[in-house]
Every structure is written in structure tokens, then in C-alpha cells.
Amino acid sequence: MGNGVQPLDPVAIQIGSISVKWYGVIIASAVVIALLLALSEANKRKMDKEIIVDLLIWAIPISIISARIYYVIFEWDFYKNNLGEIVKIWHGGIAIYGALIGAVLTAIIFSRIKKISFWQLADVVAPSLIIAQAIGRWGNFMNQEAHGAETTRAFLEGLHLPDFIINQMYIDGAYYQPTFLYESLWNVLGFIILLIIRRTKIRRGELFLGYVIWYSFGRFFIEGMRTDSLMWGDFRVSQVLSLLLIVLSIGIIIYRRVKMNPPYYMEDKFGKVVKKK
């Protein structure tokens, strides 16, 4: 590569003709960390841990499929003439919002089958979701994707980024904004805020809705910086969906407080979640 800058090898392990890419390793690591955190949260809320494992078994494949369907829908101009590419997910092309939609629908159906509260289940997994997203963005980093507009090395150095990040943002002869990093850091901050909020008196379901609002707010602005956005006419799909989710989540919070009066929850000094009224 020109300018003496070499990108990181996206392949973690090479066994003969089989390549294990860092993207897959990072995503798998994110799932494992998310599961361990969700199991810890379930224990605090006195929920059967097997419920979390069972949910994950269903949610992972459904989320992958829904993430792919979401992407294909908004890139239909390409896929309508290349139908065989639809199933070739290893060529790239999944969307986090599609995965979240699939995960939420799975959780809703799962909670009804198991006869448990969807909102309680959603609160348990909310911290896991946002930290998994924070970790997962580093898979995009290794693939040199999900970046922003062209910039200069001087600008990136002005952000006091380590050289390995700056060098990885050198793509096809130009430097680009590390929007993957902006979103990852936004999600880490959101994770910390969720951990703080859960130690306050909060109503059931509002930890999850708070996660949706926080993530969507950050995604709206970061999406505006990206160069690979899925488009719906002249609009960036993720920005439109972010606004809708923010409004919907706030509306649900208001409606549930006024009409349903859900119970309060908070952590005690030992880290256990106790119910308040």
C-alpha cells in the first residue's frame, strides 16, 4: 500500500484454505461477553439463567437472518439482478438495526411462550446488547468498513488516536473518519450510564427503552458521517429509523407510566435487584 502504511491483516487464523477472520472472532467474543453479562443480570433479578441461554439460541440465528433481510431490502437494486448473492452473507452485508428488530421480535414471542414479562427480560439483556455493539464495531475496524468521509492524517493525529487506528483508516490512498470508533465509544458510555441508572429507582422496561433512546440518538448523528449508509430515496435509513425509535420509546415510557403504572426496580447495596412500589 502507498505511503508506507500497511493495514492490519483481517485474517486471524489460516488453516489450509480455511480463513478465520478477525471480524468473526470479534463478533463471537462480543456474543460470549454479552451472554456472561446477561446471566449475571438474570441472577440479580432472580430470573432462571436457562431462560437467557434458550433465548440466545433462538435470537442469534434469527437476528443474523433479519440483519441480512434488512440489508437486502434496501440494496434491492443490486440483489434483484444477483439473486444468488442474497444467501452469500460471507460476502458482507448485514445491518445492526435489522439484527435488533429480529432480536426484539424473538424476545417478544419467546417471553409469551415462556409466560414471563418481556419488559423484565428486555431490562436484563439491555446492558449486554449495548456492550456487544461496542465490541462488534471493532470487527468493522478490522475490515476497514463502516468508516466516515475522507479526512487527513493530521486530523486523526489531532484526536490523539494510536497509530494502529490511524493506519487502519488509510484506505485506497486516503484517510477516513473512524466512525466505527465514535459509535463504539458512544456505546461504551451508554453501557456505563445503564449501569448507573439501574442503581436508581426505575420502572420495569425503562432500562431497555433508555438503551434504545441512547443508541438511536448517537446513531442518528454518527450515521450522517458515514459513506456507506443504506438509503431510502434521499434519506439515510438508519437516521429515519433512529428518529422513529426515539419517539416511539419516549411514547411507550409515557404511556406505560400513565396507563399501566409498572413496578419500580433498583439495586440494593449488595448489587441485587429489588422490587419497589
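Every residue, even glycine, has its Cβ placed from backbone N, Cα and C.
For 18-38, 51-71, 89-109, 116-136, 177-197, 205-225, 235-255, the entry in Swiss-Prot reads transmembrane segment, with the evidence type sequence analysis.
The transmembrane segment (116-136) makes contact with the transmembrane segment (51-71): 3 or more of their CB pairs lie within 8 A, with pairs spaced 6 or more apart in sequence. Through the fold, the transmembrane segment (18-38) approaches residues 8-12, 52-53, 56, 60, 124-125, 127-129, 131-133, 135-136, 138-140, 142-143 of its own chain, all at least 6 residues removed from its boundaries and within a Cβ separation under 8 Å. Residues 126-127, 130-131, 133-135, 137-138, 140-141, 145-151, 156, 161, 165, 169, 207, 210-211, 214-215, 218-219, 222, 225-226 of the same chain, all 6+ positions outside the transmembrane segment (177-197), place their C-beta atoms under 8 angstroms from a C-beta of that stretch.
Beyond the ends of the transmembrane segment (235-255), by six or more residues, the same chain brings 74, 95, 97, 205-206, 209, 212-213, 216-217, 219-220, 223-224, 229 to within a C-beta distance below 8 angstroms of the stretch. Long-range contacts of the transmembrane segment (51-71) within the same chain, counting only residues at least 6 positions beyond its ends with a Cβ under 8 Å from a Cβ of the stretch, are 31, 35, 38-39, 42, 86, 89, 93-103, 105-107, 110, 114, 116, 121, 124-125, 230.
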